[in-house]
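First comes the structure, then the notes that go with it.
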Protein chains: 2
Amino acid sequence: MAASTGTSKPSPERIFNTMVAFQETEALKAAIDLDVFTAIAEGADTAQLLAAKTGTSERGMRILCDYFTVKEFLTKKTNRYSLTEDSAAFLNRHSPACLASMIDFLASPWSRRNFGALAEAVRKGGTASETGDHTKAHEEVWVDFARSMAPLTIPAAEFIAGLTGAAEAKPSKVLDIAAGHGMYGITVARRNPRAAIVAVDWPAVLEVAKENARKFDVAERHTTRPGSAFEVEFGNGYDFVLLTNIFHHFDVPTCEKLMRRVHRALKQEGKAITLEFVPNEDRVSPPMAAAFSLVMLAGTDRGDAYTFAEYQGMFSNAGFAKTTLHPVPQVPQQVLLSEN
Amino acid sequence: MAASTGTSKPSPERIFNTMVAFQETEALKAAIDLDVFTAIAEGADTAQLLAAKTGTSERGMRILCDYFTVKEFLTKKTNRYSLTEDSAAFLNRHSPACLASMIDFLASPWSRRNFGALAEAVRKGGTASETGDHTKAHEEVWVDFARSMAPLTIPAAEFIAGLTGAAEAKPSKVLDIAAGHGMYGITVARRNPRAAIVAVDWPAVLEVAKENARKFDVAERHTTRPGSAFEVEFGNGYDFVLLTNIFHHFDVPTCEKLMRRVHRALKQEGKAITLEFVPNEDRVSPPMAAAFSLVMLAGTDRGDAYTFAEYQGMFSNAGFAKTTLHPVPQVPQQVLLSEN
């Protein structure tokens with residue numbers, strides 16, 4: 001459980017910790033469900049006070065908070081617990097950067113079932129589930145995604161808004177494909193009062209995007225086109241098309257098919273903005289982008305975390321003259337900017 | 001996924017990694033089920049060779065091995081994978097120290113169910129399961145334990161054999177309570193040809209211990225007493241009683257009750273040898289012993305990782321004049337030696 005010490009003697013500790021790593025997810029899920037981090041932020045800082053506030057047992061709360069002290073999400077002094085900087089920023093529901101809801105998607109029953117059949121996925125070379133063709137609607141999964149994952153978008157959405165020249169407030173027509181919660185397009189609209197967003201996703205998912213557009217006061221510049229990104233009429237003359245976390249679900253021909261549709265929908269001087277996990281050529285770095293490939297093996301028929309060279313090939317085949325790669329601060333994904 | 005950098009800016013990376021930590025367990029389970037580490041040890045060192053050897057897809061194997069390269073259980077050079085020192089020692093079935101079987105107990109459906117109901121356990125102050133009273137027989141769980149967990153015993157079993165003075169080969173009568181796989185008592189018998197072991201556990205569990213006693217050629221000095229450690233007739237006149245990983249399942253009065261029975265079974269100059277997870281007084285260090293408390297909250301009615309002071313109190317109440325604490329090299333548990 002302590003970090004690897006870097007000594008050369010083989011140690012079973014990391015292997016043991018990996019065998020029980022599921023316990024960490026379950027403990028965090030329990031703590032989030034009971035809203036322990038928020039309760040501590042509100043001043044309930046002993047097991048006794050926390051138990052009273054959350055309707056739990058003092059004994060259970062003591063053991064849970066000691067565990068999160070070991071895991072360095074809390075500190076403990078005599079019997080008082082405090083949030084760390086990380087848990088104060090990201091697990092306390094009063095924090096604007098709170099990410100707690102993400103566990104509902106990241107550790108959803110769907111995701112657990114996919115990973116529970118991982119040996120079978122390795123045999124097949126694709127998910128063992130029935131829901132691996134992501135050109136088809138699996139609305140319950142993506143509504144879940146849209147409801148849970150919006151908090152994670154903030155740094156990348158701001159970065160993308162910058163790429164669209166939002167600060168200059170030029171009239172911009174922006175297509176947001178696989179919009180989900182809608183927060184990428186909505187952030188562009190918030191930063192540029194002359195941007196108009198067209199969001200594409202499955203009908204039930206777009207209801208979440210519409211809620212967010214109202215919540216952030218851009219509903220009058222946010223319209224929707226419900227349906228498959230491979231079939232729905234996009235319209236044309238777009239200045240920008242946003243493709244955030246979509247290509248990794250598909251095989252190469254399917255990615256190219258989508259990108260050809262995008263190319264046709266853009267103005268001549270328009271740009272496609274792709275946000276993706278892009279591992280290096282070695283496919284084992286950087287860690288989060290490289291490891292993401294396994295999530296696609298577990299959950300999709302033929303999805304993957306593609307390298308930059310692979311994206312350049314696909315996007316070139318789809319008609320784009322040039323694609324450049326841009327790291328995004330604070331985010332494991334990168335942006336690919338494609339233009340003529 | 002990279003280790004925490006120690007910078008002071010809050011980062012969501014550890015929180016994100018905890019939300020998806022269950023993926024690490026599932027990936028390791030898949031790799032062990034497909035025996036990937038053994039296949040690499042045998043020379044199948046590319047995704048193509050591994051796929052052929054394990055009857056899987058090259059694509060699935062490439063993604064799985066890249067993932068374990070990210071997690072530092074493999075290294076990758078061009079397209080060839082190698083074991084690290086840790087995976088060579090502990091995940092390759094040709095290694096005598098191989099721990100691969102442990103995942104069958106540590107991530108068993110029973111353990112996952114217990115942790116899946118952790119919020120409820122925090123509410124109650126004890127497991128949400130029906131199997132939380134460990135004075136009762138739950139043979140399927142403990143047969144599973146006995147079949148999976150024997151490899152982990154080696155360093156502690158050798159240490160305990162040393163405490164019994166095995167090297168001097170004095171005639172010794174040794175009671176091995178909650179013997180499980182039997183490897184603690186069996187190791188004493190292997191190191192001391194004049195030691196006779198009496199193993200206590202549930203009947204189906206003792207079948208595993210008997211198999212191991214035959215396997216290690218000590219069956220003629222290894223007898224069994226099937227039943228509850230709280231009810232079965234122990235006999236008396238023992239030189240040593242071994243209590244390995246048993247007390248943590250119970251509340252304090254139950255621990256004392258067991259230790260009184262142990263005290264009566266020992267010779268006047270006999271010693272009780274307890275192997276346990278013993279956190280410091282702060283209950284949040286050392287990491288593995290402190291975190292073990294959560295496993296007991298998830299899986300037992302009132303079990304815990306007790307401190308040394310708590311054990312001293314219990315063992316004193318049970319009749320022992322003196323209990324001392326002994327760290328065990330390479331092992332997260334410690335030994336408590338109790339005597340008159």
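Counting begins at 1 with the first residue displayed.
Just so it is clear, glycine is given a Cβ too, placed from its N, Cα and C backbone atoms.
TrEMBL labels come from automatic prediction, so no person has curated them.
Taken from TrEMBL, the feature active site, proton acceptor applies to A:HIS248. Spatially close to A:HIS248 (active site, proton acceptor) yet at least six residues away along the chain are A:GLU276, A:PHE277, A:PHE292, A:MET296, A:THR300, A:GLY303, A:ASP304, A:ALA305, A:TYR306, judged by Cβ distances under 8 angstroms. In the three-state DSSP reading, A:HIS248 (active site, proton acceptor) counts as helix.
Secondary structure counts, DSSP: the domain 'O-methyltransferase dimerisation' (A:19-92) has 47 helix, 8 strand, 19 coil. The domain 'O-methyltransferase dimerisation' annotation in TrEMBL covers A:19-92.
Per TrEMBL, domain 'O-methyltransferase C-terminal' is recorded for A:172-321.
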